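Chemist: Copied straight from TrEMBL:
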COMPBIAS  237-253  compositional bias 'Basic and acidic residues'
DOMAIN    30-162  domain 'PLAT'
DOMAIN    165-860  domain 'Lipoxygenase'
REGION    227-253  region 'Disordered'
Amino acid sequence: MWCVPQCLKPGMATSSGKTNTKSQNVNVNVKAIVTIEQSNGGLLLNLINSAVDGIKELAGKTLVLELVSDELDPKTNLERKTIKGNARKTEEKENEVLYEATFELAAEFGKVGAVLVENEQHNEIFLKSIVFDGFPDGPVHLTCDSWVQPMHDNPVKRVFFTDKSYLCSQTPSGLRRLREEELKLLRGNGEGERKSSDRIYDYGVYNDLGDPGSNIDLKRPILGGSKQYPYPRRCRTGREHSDSDPSYEKRSSSFYVPRDETFSEVKQSQFTKTTISSGVSAVLESLDAILTDQNLGFRSFEDIDTIYKEGFKLSPLKENGLNFLQRVIPRLIKAANDSQNLLRFDTPETVKRDRFFWFSDEEFARETLAGVNPYSIQLVKEWPLRSKLESQIYGPPESAITREVIQPHIIGYGTIEEAIKEKKLYMLDYHDLLLPYVSKVREIKDTTLYGSRTLFFLTEQGTLKPLAIELTRPPMDGKPQWKQVFTPASHSTNLWLWRLAKAHVLAHDAGVHELINHWLRTHAVMEPFVVATNRQLSSMHPIYKLLHPHLRYTLAINSLAREILINANGIIEKSFSPNKYSMELSSVAYDQLWQFDLQALPNDLIYRGMAVVDPNAPHGLKLTIEDYPFANDGLLIWDSIKQWVTDYVNHYYPTPSIIESDQELQAWWTEIRTVGHGDKSEEPWWPNLKTPKDLIDTITTIAWTASAHHAAVNFTQYTYGGYFPNRPNIVRTKIPTEDPSKEEWETFLNNPEQTLLECFPSQIQATTMMVVFNILSYHSPDEEYIGQYLKPSWTEDPTVKAAYEKFNGRLKEIEGIIDSRNADCNMKNRHGVGVVPYEQMKPFSGPGITGKGIPYSVSI
């Protein structure tokens, strides 16, 4: 029985709208506690707005709540009359403001299923939660985490549903209309330019990377919407079109992100718009002043070391810029004294352990399995190696890596065929992907490119040994195809040529890693999932609640990338070998290489030949390289995510018929395939969505991509790329043996070290990416890691809560397993003198550059 209040406060809202002065058994007295996050706006603006809101507070009208019953009136079959009340400020904390409102509910009102909110204040507010106390069944929770605009800007009342999850067919009758109308609002009408306060999710193509209106040299292909340049869709902005070419959007300082997708004010992330846009720009502005020659390289390796020991003395920055930089990138800016300010980089962990680690062929090979890009190594399945490109355009398809080159080095195997049969040969193959861009890239000053293959042999110790590197230039400038194989050597000249060949391959690997395995396969492909989830799945839907943590902030970070990283003449183009063709290359990779089903870790490993199906092996797979740290640990994480998703999905979808009849779910999956990834909509590999298994596999793949895949390729970027000789992001000169003049060859012979230094990135290119890698690799203090905290909506159902607690427990066990693996001296790919332990798949982390931790989403 509901509690009967002893007395009712004057002015208390009732279902009839009248003041009730008598206690009645049919009424219940409830209190709403509203939590609003404090804004960090400017002081003067806050003072003015606080004064305005204070006047409204005295009038009792700053925040209006309207309670919605979850059931229709059985007599009229219409929605019950809502109950309205004003919330008053009761407490102000450092980061929060609390409001309270009291309501008297008649028995026939039923349960509160939603709340309509009106913000009568001067500014938008960030509404964190609403909790109702006083119900006989316990508190009713509404987790909001949303910006609410002032009514004078947007008169539409905001609706928030309780934390309880409902499939479409289970929606309480009193909430059906609101559920449908909220989704319509989020979809918008596809017209007009989006405002920063909008909450509209729609699709657009990448027609804002170039800027032909300001400079024709900044024209870039439009990615998405064509057979020539297929691409995932981005979130539509609706900006004005370019006067010079109406197929492009005008670039501006405003890159729309739906309001609830923007970074939270309390998020102390190093990769906010302010940090990366203003902070990096300020650093580069100062470096530009110091490094007047943009192509100036490093004169010696000692000069490189001074970046970490002494740093750059920054020139004076505008408008107290130094203090700003110290605030947003405190790790990089050191104030030596009142007159000297330094940009000094932290020494990466790899260099701390072994200053010359990057020279090692063993480390070169090990990083293909346990470095920042463990997604490219693949098994050699056929011999001889051949290109699939048109020979009339790119020259003879046969590889220069011949039997005679390799066979003497495959110890214990008489023939290459035997070694291939025993799965002993592996390869980094960037030949056919890069070769079509060689002649284009070489038209750009101070950069070069090759197609490349790098061959490795799996030793008896379970480590990879590099055997050969092949560099290829296609026919160009009236010259025939050129190709050459380089092998490890002890002779001085050949040793330096090998080091130069490694630098070229590492630059190729760095470009493929950043543009494809990082940007394309996590950031870009996830954006359509974010848009479709918000357009087609109600916030009440259990799959929305399951996916939401994995999608948060993705649109914000991606819009920031379009603004300063992947745009024409942006940081990526200036700093990586493909240069102005960088994003075009990622489109080619999307077209030729990306399949949704292959983003599942087990399928990816099988596709690359790094695993075979074995029902008797752990995870149902047998790795072809037993000590493959990324795969070993990644499969633990994959299985734990899949088990959590399995428990969750089976709870809500016990039979296939429920999945097939779920209109929101089917609309979501259809829109992802036909619109968000519409350029690949006809591909046969898209999974159906008919059974619980289909849904489990699909959700697990999405969750893995956003969390563990991204973590594997992101958070050790500074560890391995912070000392750029280990992973040069760009190579600027051709290898000395390619059609050398007599003078070029003699220069190399006389000073091979200088040739290597000249091939490395320029000072501005190296330091730019070191700043970016540092920010990208940094965990903020309030990072949210998978399985760490129970989301409020998951506590509503005991079965879901128990499944999540099991997930959390398993992840803690995995941390211990990884620690024990790193301590095993038999695992040479993760243990040894100078070796950084492989911790990328450890679920949790503290703040900073730790090389571990798996956040829910691609939020940086």
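Positions of Cβ are set from backbone N, Cα and C atoms, glycine also.
Are these features on the surface or tucked inside, and what are their neighbours?
Modeler: Counting only same-chain residues 6+ beyond the ends of the compositional bias 'Basic and acidic residues' (237-253), those with a CB under 8 A from a CB of the stretch are 191-194, 204, 207-208, 210-214, 216, 219, 222, 567.
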Chemist: Please count the residues of the compositional bias 'Basic and acidic residues' (237-253) that DSSP assigns to helix (H, G, I), strand (E, B) and coil.
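Modeler: Here the numbers are 0 helix, 2 strand, 15 coil.
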Chemist: Using DSSP, how many residues of the domain 'PLAT' (30-162) fall into helix, strand and coil, respectively?
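Modeler: Helix, strand and coil residues of the domain 'PLAT' (30-162) number 19 helix, 71 strand, 43 coil.
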Chemist: Pop the mean pLDDT for the domain 'Lipoxygenase' (165-860) in here, whole number is fine.
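Modeler: Averaged over the domain 'Lipoxygenase' (165-860), the predicted model reaches a pLDDT of 92.
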